[in-house]
Amino acid sequence: MDTRRDDEEEAAAPLLAAPAPRSHAADVHVLSAAFVCLFSAYSAAQNLQSTVNDEGDLGTVSMGVLYTSFTLFAVAASPVVRWLGASRALVIGTSGYLLFILANLVPTWYTMVPASLYLGFTASIIWVGQGTYLTSAALSHARDNNLPDGPTLGSFNGEFWGVFASTQVIGNLISLALLRNGKDGGSVTGKNLLFVVFLGCMIIGIVLMCLLSKRDEKRDNASTHSSFGSMLKYIVAPLKDRRMILLIPLIAYSGLQQAFVWAVFTKSIVTPVLGISGVGGAMAIYGASDVVCSLVAGRFTSGLHSATFIVSVGAIVQAVVLFWLLLFYSPMEGLLGAAIPLFIGALWGVGDGVLNTQLSALLGLLFEDVKEAAFAQLKVWQSGAIAVIFFLSPSITLQAMLILMATSLVISFGLFLLLTLVVEKPSSIRA
């Protein structure tokens, strides 16, 4: 009897010793922390491109090259992510951001442009991987715990985008602390130290990304890539869906409004009043507003109708800002003049937080079967719109840019409202 009991205990020992698998929510925590480290550095560096690398418009041209590259590579990113797996794609995607920060330590046409081209490729991989990984974690968590898909996706996206938005706070506070306006008012000091600190943030983020659990979904990837034709069919599948066609203008606007704050707001509204060193403070306030709105919007997301209301709030806020800048704004001196760019940044963060959470949640709900392709479409149109702003900003006036933004907002929001009428069947979205 004792021998039999010992055998049973030995057989059970490996089961008792095996570590419990990490929860889906814990994976999202790790993913969010990794993105915070990576993008605290990258986002702040991006915000400064139009000001610290302004000789020959090197910064804005480099960003235009980056997002053009991003657009082109994002078209084919979905089959790459399916082949690599989302977790491996996330790790590979970090390499471009590291190289971009290194290039900023020696900013020339021979360093910045190649680094921007490569970052466009890796950015397409990391962002399609992010959307795929987060959606997979959310849906798995919902099904394992008998929860509805919609609120779970909203909650997971709200957490990720809320934490991600803090990168604008963290990175720009670091920028604010280390950069100083030069005596001539046009140059800055502390730039190299700033990018060395950003390099350290990147390394920590890469380490965290390597700790993510693998997510092997039950599907036959080989059949998806059995021919070039089948791969192409998978890539364009979302474009055959009228829901995606109606959503694309809002996706494009989300890119326009992001690039507007990075390239136009920082250069034409913040810098004339607060100087280059003030960019960090204004963008930190923008990021703080983004954090709060992302978390709140994610918490209240349950499906298309709730998303419609939330997007409406964000669209109205950004429309008010655009029309006020277009019709009434002029730089002012004194305390009030310094406060206005900060207030604009806070309001603009509301719209960005809303769009990020709602677009990601809706893509996960509406296109669950082709989510890699859907998130690839998100990045194609978003990054293409961002490239347009970076290429246009050096050559058109602030007034013309504001008219472009306001027109784009009205058209994209109108088509999004039409989407709510098209999607009427409960079966279109999981409750």
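For all residues, glycine too, the Cβ spot is worked out from N, Cα and C.
Counting residues 6+ beyond its ends, the transmembrane segment (28-45) has Cβ neighbours under 8 Å at 90, 94, 97, 100-101, 104, 130, 133-134, 137-138, 156, 159-160, 163-164, 166-168, 170-172, 174-175, 195, 197-199, 201-202, 204-206, 208-209, 211-212, 280, 283, 287 in the same chain. TrEMBL lists 28-45 (among others) with the feature transmembrane segment.
Only residues 6 or more beyond the boundaries of the transmembrane segment (65-84), in the same chain, are considered here, and those with a CB under 8 A from a CB of the stretch are 92, 100, 113, 116-121, 123-125, 127-129, 132, 221, 224-225, 231, 234-235, 259, 370, 372-373, 375-376, 379-380, 383-384, 386-387, 390-391. For 65-84 (among others), the entry in TrEMBL reads transmembrane segment.
Tertiary proximity for the transmembrane segment (89-110) is limited to same-chain residues at least six positions away from its ends with a CB under 8 Å from its CB atoms, namely 31, 34, 38, 41-42, 45, 53, 56, 58-59, 66, 80-81, 116, 118-123, 125-130, 133, 192, 195-196, 198-199, 202-203, 205-206, 209-210, 212. Here TrEMBL flags 89-110 (among others) as transmembrane segment.
Here TrEMBL flags 116-139 (among others) as transmembrane segment.
When Cβ-Cβ distances below 8 Å are used as the criterion, the transmembrane segment (160-180) is approached by residues 28, 31-33, 35-36, 39-45, 47-48, 130, 134, 188-191, 193-194, 197-198, 201, 276-284, 286-288, 290-295, 298, 349, 352-353, 356-357, 360 of the same chain, each at least six residues removed from its ends. The annotation transmembrane segment is assigned in TrEMBL to 160-180 (among others).
TrEMBL lists 192-212 (among others) with the feature transmembrane segment. Within its own chain, the transmembrane segment (192-212) is flanked in space by residues 27, 30-31, 33-38, 40-42, 44-45, 87, 90-91, 94, 97-98, 101-102, 104-105, 133, 171, 174-175, 178-179, which lie at least six positions past its ends and keep a Cβ under 8 Å from the stretch.
The transmembrane segment feature in TrEMBL is assigned to 244-265 (among others). Within its own chain, the transmembrane segment (244-265) is flanked in space by residues 46-47, 49-50, 60, 63, 67, 238, 282-283, 286, 311, 318, 341, 344-345, 348, 351-352, 355-356, 359, 362-363, 366-367, 374, 377-378, 381-390, 393, 398, 401, 404-405, 408-409, 411-413, 415-416, 418-419, 422, which lie at least six positions past its ends and keep a Cβ under 8 Å from the stretch.
Here TrEMBL flags 271-297 (among others) as transmembrane segment. Residues 43-44, 47-48, 51-52, 154, 158-159, 161-177, 179-181, 185-186, 188, 261, 265, 310, 314, 331-332, 337-338, 340-342, 345-350, 352-354, 356-358 of the same chain sit 6 or more residues outside the transmembrane segment (271-297) yet have a Cβ under 8 Å from a Cβ within it.
The transmembrane segment annotation in TrEMBL covers 309-329 (among others).
Residues annotated as transmembrane segment in TrEMBL: 335-355 (among others).
Taken from TrEMBL, the feature transmembrane segment applies to 376-396 (among others).
For 402-423 (among others), the entry in TrEMBL reads transmembrane segment. Sequence-distant contacts of the transmembrane segment (402-423), counting only residues of its own chain at least 6 positions beyond either end whose CB sits under 8 Å from a CB of the stretch, comprise 242-243, 246-247, 249-250, 252-253, 256-257, 260, 304-305, 308, 311-312, 315, 318-319, 322-323, 325-326, 366, 392, 429.
Highest Cβ pair count under 8 Å relative to the transmembrane segment (376-396), across stretches 116-139, 309-329, 335-355: 116-139. Outside the transmembrane segment (335-355) by six or more residues, the chain places 161-162, 165, 168, 250, 253-254, 257-258, 261, 265, 269-270, 273-274, 278, 281-283, 285-294, 297, 310-311, 313-315, 317-318, 320-321, 325, 329 with a CB less than 8 A from a CB of the stretch.
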